[in-house]
Amino acid sequence: MFEATTILAYKGENHSVIGGDGQVTFGNCVLKGNATKIRMLYNGKILSGFAGSTADAFTLFEMFERILENRKGDLVKSVIDFSKEWRKDKYLRRLEAMMIVMDRERLFILSGTGDVVEPEDGKIAAIGSGGNYALSAARALDKFADLPESELVRESLLIAGELCIYTNTNIKLLEL
């Protein structure tokens, strides 16, 4: 588990939303409270977020963007090619980062070992040290509350920020 952040993705009926907190931690010190760990890719058609080492995450973002361009925005083919490339490269296999990527139809977690996981329910995924808190909150809110997608993600991340010492409540969201 990476003691770095919380990223939550939710694919609702009307919108896909990804959100993350802004805390950057080094050991037991908070270095920054307003970092951006989520991005739009491929002309605003793909959402992504990372947890883990910032330098490693930027390496992965660049690699994924290149593959996404080569695959003309096909998310499924891109995550498969990305995983294959990640597993083949000895340097990449040592990177300490995870990513979530999504469009309006699909949602994937890309692990630090090159694994690709599509959530069982196909609509909620979380990574990072506060990921389990955010995931639990999102599942409960999805089941029992009638919130817009962006509010469900924001509230779930706020709960994670109250519980996880490596996550703050400076939440940023992106939506498709």
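Cβ coordinates come from backbone N, Cα and C, glycine included.
The active site annotation in Swiss-Prot covers Thr5 and rests on sequence analysis. Spatially close to Thr5 (active site) yet at least six residues away along the chain are Gly20, Asp21, Gln23, Val24, Lys37, Phe50, Ala51, Gly52, Gly128, Ser129, Gly130, Tyr166, Thr167, judged by Cβ distances under 8 angstroms. The DSSP secondary structure for Thr5 (active site) is coil.
If you look up Swiss-Prot, you'll see Gly161, Cys164, Thr167 marked as Na(+) binding site. Neighbour list (Gly161 (Na(+) binding site), Cβ cut-off 8 Å, at least 6 residues apart, same chain): Thr6, Asp21, Gly130, Thr167, Asn168, Thr169, Ile171.
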Where Gly161 (Na(+) binding site) falls in three-state DSSP terms: helix
Neighbourhood of Cys164 (Na(+) binding site), C-beta criterion under 8 angstroms, separation at least six: Thr6, Ser129, Gly130, Tyr133
C-beta crowding around Thr167 (Na(+) binding site), within 10 angstroms: 31
